[in-house]
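Asker: So Swiss-Prot has the following annotated:
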type	residues	note
COILED	419-469	coiled coil
COILED	479-515	coiled coil
DISULFID	Cys247-Cys250	disulfide bond
DISULFID	Cys475-Cys482	disulfide bond
REGION	398-418	region 'Fusion peptide'
MOTIF	475-483	motif 'CX6CC'
SIGNAL	1-22	signal peptide
TOPO_DOM	548-586	topological domain 'Cytoplasmic'
TRANSMEM	527-547	transmembrane segment
Amino acid sequence: MNFNYHFIWSLVILSQISQVQAGFGDPREALAEIQQKHGKPCDCAGGYVSSPPINSLTTVSCSTHTAYSVTNSLKWQCVSTPTTPSNTHIGSCPGECNTISYDSVHASCYNHYQQCNIGNKTYLTATITGDRTPAIGDGNVPTVLGTSHNLITAGCPNGKKGQVVCWNSRPSVHISDGGGPQDKARDIIVNKKFEELHRSLFPELSYHPLALPEARGKEKIDAHTLDLLATVHSLLNASQPSLAEDCWLCLQSGDPVPLALPYNDTLCSNFACLSNHSCPLTPPFLVQPFNFTDSNCLYAHYQNNSFDIDVGLASFTNCSSYYNVSTASKPSNSLCAPNSSVFVCGNNKAYTYLPTNWTGSCVLATLLPDIDIIPGSEPVPIPAIDHFLGKAKRAIQLIPLFVGLGITTAVSTGAAGLGVSITQYTKLSHQLISDVQAISSTIQDLQDQVDSLAEVVLQNRRGLDLLTAEQGGICLALQEKCCFYANKSGIVRDKIKNLQDDLERRRRQLIDNPFWTSFHGFLPYVMPLLGPLLCLLLVLSFGPIIFNKLMTFIKHQIESIQAKPIQVHYHRLEQEDSGGSYLTLT
């Protein structure tokens, strides 16, 4: 009998056991979640701070600001680069600068700077407000003066906080000032030299007056941008079909800043794939290095002449090994990046070609467009009557493209997994390299349309959020992004047009309604106040009645309690032999 009871209870207990998985799950999925939460460097998910964080893992230059990956939160915090007052040149330098001047000062050491002169030489001057120790590279980092002088990032002058100092306006070779005026001057110098090189290799064409290329209208989208979006959607459809069949692809307005991912070293062992044959020559452009840890770097020594092109040092990664182009067994050290890749050098600048006289250190990278994804299930703020009523907008959840394509998982598996994934994105990276300038102008045209239509909206006092091209409809403007709708068949070019038609139909219904257009058009402005006014009116009207009813009920309950008589209960006590009868009161 006991055996039967034990058997029955064992079955009951086993039926209540549920399957669980021990451990912390797939670390690659965790990495993808972390990177989606913290975002891309230039998105500044950690916000803007006045001074650089004390402890950071890496630094990425974003033109107008510098992003720092903070160790305690891993979110990217940004610091705006110093600005120049309206009067940028103050004439002679302060007296303190006549005794000592510095080669370079980091941009985080001051808030504003100006130009001044000492003799016939131009310097930069500012009041030091911060403290920063110069960044020293590893012992094998190639520099101008050898491995014993391996300074790669400038610092603040020691003991000069609160004092005025001066430093050279011309950038120091291979030394970065953290995105300050010297780094900007270096970019200008390099861009000019590449423009001269481009003109010498590709002379400008003179068009016949009757054969000028047709100007692209502002209501049309550039074919390069459409091809890029189509390629992105094709890859997304191959990796996550459920997401690709109903989503929005959002491009950042303004100049594009693509993501730079580590290039698969197995495809270019010891940089044997580099060559000096003809390759597309594009101007240097800014990228966002992503997931760079230990990299194989290549460098060329400084020749100490005026013909050298200083591309800077790749300070965003730790170079585990170096390939010296200067001593390579080649007739020259000019290099072409392998197909679908670029050289990423100092200041996060990307190059498709490095001429013979280049100097600095670079890494190979594959590009990925800076595109965010909005799932179709995510409600986007298409204007409706609730926008006229002042309904608060909901934040849009954006998914970075590298998360949607599963690139973070591939990167975390190492070189082999990355190689398999990056090979699939070769076409996309090559297309992005070729069309980065055209895409920039296209999105800028769209941004101009957004700004122009925004002025019209404000002038007409219409609370429209759908800011698109006036003819045909191009994209949906969301959070300074230009979003294109896509389904399983590809990019839907008439999606915005349909939304516009629906919006116009609803707007006409409101306009034709005499209730909405009464009071000389002031009703749309009064409607957001009607809710609070109605609530206040209800409180003032029914509040006293409810209060009186409540007080009456409480008073009645108190009176009923007081009116109850005190009931006295008697019972006979137990009698003992020697006692008599007693009564007790309870």
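Even glycines carry a Cβ here, placed using N, Cα and C.
Could you give the neighbours, burial and distances for every feature on this list?
Answerer: When averaged over the coiled coil (419-469), pLDDT in the model lands at 45.
Long-range C-beta contacts of Cys247 (disulfide bond), restricted to its own chain and to partners at least six residues apart, with a cutoff below 8 Å, comprise Leu236, Ile373, Ile374, Pro375, Gly376, Tyr485, Ala486.
Cys482 (disulfide bond) counts 24 other C-beta atoms within 10 Å of its own C-beta, drawing on all protein chains shown.
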Asker: Taking only same-chain residues 6+ apart in sequence, whose CB is under 8 Å from that of Cys250 (disulfide bond), what do you get?
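Answerer: Set apart from Cys250 (disulfide bond) by at least 6 residues yet with Cβ under 8 Å, we have Ile371, Asp372, Ile373, Ile374, Leu398, Leu478, Lys481, Cys482, Cys483, Phe484.
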Asker: When DSSP states are folded down to helix, strand and coil, where does Cys482 (disulfide bond) land?
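Answerer: Reduced to three states, the DSSP call for Cys482 (disulfide bond) is strand.
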